[in-house]
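A.B. asks: Copied straight from Swiss-Prot:
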- 309-321: compositional bias 'Basic and acidic residues' (COMPBIAS)
- 326-335: compositional bias 'Low complexity' (COMPBIAS)
- 309-352: region 'Disordered' (REGION)
- 384-404: transmembrane segment (TRANSMEM)
- 419-439: transmembrane segment (TRANSMEM)
- 474-494: transmembrane segment (TRANSMEM)
- 505-525: transmembrane segment (TRANSMEM)
- 554-574: transmembrane segment (TRANSMEM)
- 590-610: transmembrane segment (TRANSMEM)
- 639-659: transmembrane segment (TRANSMEM)
- 662-682: transmembrane segment (TRANSMEM)
Amino acid sequence: MLRPEQMSKVSVAGSTHVLTPVIEAVHDAELVHLSDYDGGIDGFDNGDPMTGADEAAEKLVTVRSLKSLLDVSEGDAGPTRIVTDDALDTELESIRVEATDLDDRRSELTDDLRAVIERIDAAEPFADLGIDLDLLSGYDSLQVAVGTGDQSAIDAALAASDRISAFETFTGQDTIGVFAYPAADDDAALDDALVGVPFTRLDVPDADGSPEQYVSELRERRDTIQAEIEDVDDELAAFRDEHAGFLLAAEERLAIDVQKSEAPLQFASTSHAFVAEGWLPTSEYDAFTDAIESAVGDHVLVEELERADYKPTGHDQHVPADDGADAATDGGTTASFDETDSPPVIQDNPGPVSSFESLTEVINRPQYTEIDPTVVLFLTFPAFYGFMIGDLGYGVLYALLGFWLSRSFDSEMISKLGGVAMWAGGFTALFGVLYGEVFGLHLVTEYLWHGALGLADAPLKKGLHVSAFAELWLAASLVFGIAHLAIGYVFGFVNESRSHGLKDAALESGGQLLLMAGVGVWLFSTHMQSGGGPRPELLYSVVALPPIVGKAGLAAAVVGLVLVTLGEGAAGFLESPTYALVNTVSYTRIAAVLLAKAGMAYVVNLLVFGAYETHLEHPETIDYMFGLFSTTIEHETHFMLFSGEAHGEVLFPGLMHMGAAGILIGVLVLLVGHALVLALGVTSAGLQALRLEYVEFFNKFYEGGGEKYNPFGYTRNYTTED
């Protein structure tokens, strides 16, 4: 789980006359992640595409263009089929011609519709004016302007102009028509008179008669075109339904053909021989050699060149294979393409853990040579999240949301995130049972822990009403941080020791680990604490280590500081407080979010149901955490769920007990309030948990940048060869 699946580099060499069957066999095996040839073998060049590659690529472009034109989706697929060469020549061309014709018709109609709509928009102001269109132009001496603006300003400007001898304005609801006689033979008299006046001129449509009739005719034309477009859309839909299955199958067939025909571009080739190299899982090597030998017999040489080690030395270090699969050859070579060729990464995680690969890949896929942190994410992220939310009701909803995501989308990433949500919801529900809460109400406590099991209270409390738990969780958050960071530093130590040696690992992660762990141990010890020391007493609610352990912690911290300073110089010394304590303190956000979410749910329920507080006459000591933790309770808070009757000091009477209007408002507050708490659980608890993973944990060891395993081959969904 902490390492990717081991990979082997293989070579397939042979004569060019068996190139085609070898490519077919490698493609069908779908095991080899091909390496690109970079010209490193004397006498060998990159191969050329096989015959028909260009034609297949052109047809593939055509098919994908038709899929886009017809809006074909995976849901339109029919039964699997065999796509013949004849079908790719004749049926595809027939579909292209008819689909293009339909698309051209639709484009023409769309252009016509756009033009008609523009003419309607231009003519509607004239219909508002109500003057026949042929009366708005064509005069020798009368000048006309139609537009929108301020009529009083227009009248004033025309009256003041000595270039206008007479004028009259006509108005509709929004449109103004201006008719004016110039004082002399002055073609620009009206235009000049309107300069500076709030007036936007409109072009008169090239039409005669009533503008209302003209607009009506245009609208009829618009409706006709829209109906024709709908008819073409129906034809396109029917055409898509008829041919979608073929297009999907043709795309798959052509994609496979292009993939196979362009494969030699990655090979080393001469006119007589070829060499192909790539990576496959070591466990699949025997199956691969059997597949090749079954296809071409002893006409190729298949060799396991090396098995990739997990120890990098500058570039990835590879170790020779234990043995090779010998076969005869017609004249090839097994020289390596590129000594720095890194193996692709197959993360080797079991089913439940694999969902959390989606969180790892948000940063990057792990390198082949570094530890895969996915299993730690699986163990810690749901626990952090569930601990901070801790509610049975919210947990069930998160789990249902995750189940829906995992089953409703084809995306592998979304499906994996759904798995993460289910685990987070499960832990939220688990902690909710331990806290005794469902949607912030203590019903689990009342009916399970107190009613069925006879306990005085739930095993855990969030600290909102039992303040001792607030201090406990604050201290426990530091312990969580120390443990989490220690794992990160150990991973970093392992990675660095394998890549740079033990000395560098000790000066880097080793020093930081000793510094952080040493200070952490001292914090929880009683060294220098007698009579009230420098540390808050709340730390000892988790653990109180003896002074001798504290002294050992300080000694380890000093050693760590020396190692960090030797490794990083003055910068390391200046950053030592961060290594020692700052990163650890960052984990107190766990307790902070826990209290914040509990407080939000409490406020919602307080407003809706109301609550009262009872002060105990005799404070009661209650055992929590199944006897591991005890505290004294002096008061209790109870929600008034089923009646407004209070047996103590009323904190708020509750909307549900304020009549019909209060009930309606209360239901609204209940639904909206808990929906908000549910959503903020993702944006606060979720993001804070991710921050601890990515910023605090990953930064101690993780680089990422591994290449995804992408074997040469194709998983058929729409075609069959049988």
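Backbone N, Cα and C atoms are what each Cβ position is placed from, and that goes for glycine too.
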A.B. asks: Please tell me whether the transmembrane segment (474-494) and the transmembrane segment (590-610) touch - that is, whether there are at least 3 C-beta pairs under 8 Å between them, with each pair 6 or more apart in sequence.
C.D. replies: yes
A.B. asks: The transmembrane segment (639-659): which same-chain residues, six or more beyond its ends, come within Cβ distance under 8 Å?
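C.D. replies: Non-local partners: 441-442, 605-615, 665-666, 669.
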A.B. asks: Taking 3+ C-beta pairs under 8 angstroms (sequence gap of 6 or more) as contact, is the transmembrane segment (419-439) in contact with the transmembrane segment (505-525)?
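C.D. replies: They do not touch: fewer than three Cβ pairs between the two stretches lie under 8 Å.
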A.B. asks: Give the nonlocal contacts of the transmembrane segment (505-525) in its own chain as ranges (CB under 8 Å, at least six residues past its ends).
C.D. replies: 475, 478-479, 482, 485-486, 489-490, 492-494, 496-497, 535, 539-540, 542-547, 549-564, 566-568, 572, 576, 579-581, 583-584, 700-701
